[in-house]
Amino acid sequence: MRQIAFYGKGGIGKSTTSQNTLAAMANRHGQRIMIVGCDPKADSTRLILDAKAQTTVLHVAAELGAVEDVELDQVLKPGFGGIKCVESGGPEPGVGCAGRGIITAINFLEEEGAYTDLDFVSYDVLGDVVCGGFAMPIRENKAQEIYIVCSGEMMAMYAANNIARGVLKYAHAGGVRLGGLICNSRKVDRETELIENLAARLNTQMIHFVPRDNVVQRAEIRRLTVEQYAPEDNQAQEYNKLAEKIINNEKLTIPTPLEMDELEELLIEFGLLAATKKIVRNKLQHKMQQQQKK
C-alpha cells in the first residue's frame, strides 16, 4: 500500500485535481483507493461521492460525545470506482486547531482497520503553509509521497517552495519524499517551462501539466469528476495520463527548497515578478487617484 498526499496553495484546484486523478486511477487502472480529506471545508470527496460535503469524523464524534463512540460506516462512504471516502473535519471557525481533526481521524481509521485491502491512501491537505497540524501526514510518516499542485502564478510557486521546505524537514527522520509538481494551468506565459525550471531547482519533476479546460467546471457543477461526466473528453485523458504517471512513479526525492531571493530571481528571469509588481503599482496609482478626486 502506498500513501500519497496532495498539497497546494488554497484555491489552486488541489481537491479537484486529486479527485479527478484518483477517479482515473480507480476506474481505469483498478486501484483500490481510500481518500482521507484533511481540509476543514470537507470538500475532498464531494465529486467522488456525487454529493454535498460529507459528514466528518469530528462532527459525528461531537454529536455522539467521543470519537470512541463512532462506527466506521458512519464516516466512511463508498464512491465512484469503489473509492472509500472519509473527511476528518475541523473545529468551529476561530476555535481550536484544525490539524487536530486530521490526527483524530487517522488514528480512528487505523484503529478500525480501514487501511486494509488498499493500493493507495490519498491525503488531501489544506496547505499554503505546512503548520504542525496540517503537516501531520508528513510528520507521522503516514504520507510517503507528496505531490504539490501549483501553477505559474507567483503565490502558487511560493507555496510550493514552502511545502517543499516542510517535506525536507521530515525527510531525514522518516521516509517521506517529494513525488513531483503537478502544474494545474492558469495559462500564465511560458508556464510549462517555468514549472519545469522550478521542479529542477527543487530536485524533483513536473510530473504532469494539466491544461485548463472548462469541462472541469461543468463537471464540478454537477458534483462529478470528468471521468464520470465526460470520459471520452481530452481532459479525462489528461487526468488518466497523470494517474498512470503517479502509479508508475519511481522518482521520489528529497527536495532542495529555494531561498526567497533565489525564487525571486527565477520569477524575474521569466518576467513574472516584474509583471506582478506592475499590476500592484497600477492598482495603487488608481486608488490614489480615486482618493484625490474625493
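Glycine is no exception: its Cβ is also placed from the backbone N, Cα and C atoms.
Residues or ranges marked as ATP binding site by Swiss-Prot on the basis of sequence analysis: Gly8, Lys9, Gly10, Gly11, Ile12, Gly13, Lys14, Ser15. What Swiss-Prot records for Cys97, Cys131 is [4Fe-4S] cluster binding site. The ADP-ribosylarginine annotation in Swiss-Prot covers Arg100.
Each of Val149, Ala156, Asn184 belongs to the same chain as Gly8, Lys9, Gly10, Gly11, Ile12, Gly13, Lys14, Ser15, is absent from that list, and has a C-beta within 8 angstroms of the C-beta centroid marking the ATP site. The Cβ neighbour count for Gly10 (ATP binding site), using a 10 Å radius over every protein chain in view, is 13. Within 10 Å of the Cβ of Ile12 (ATP binding site) there are 24 other Cβ atoms, across all protein chains. Listed in sequence order, Phe6, Tyr7, Gly8, Asp124, Val149, Asn184 are the same-chain residues six or more apart from Lys14 (ATP binding site) with CB atoms under 8 A from its CB. Neighbour counts of Cβ atoms within 10 Å were compared across the recorded positions Lys9, Arg100; the minimum falls on Arg100. Classification of Gly8 (ATP binding site) by DSSP places it within a strand.
Between the CA atoms of the residue listed as 'ADP-ribosylarginine' and Ile12 (ATP binding site) there is a gap of 24 Å. Between the candidate binding-site residues, Gly8, Gly11, Gly13, the densest Cβ environment within 10 Å is the one around Gly8.
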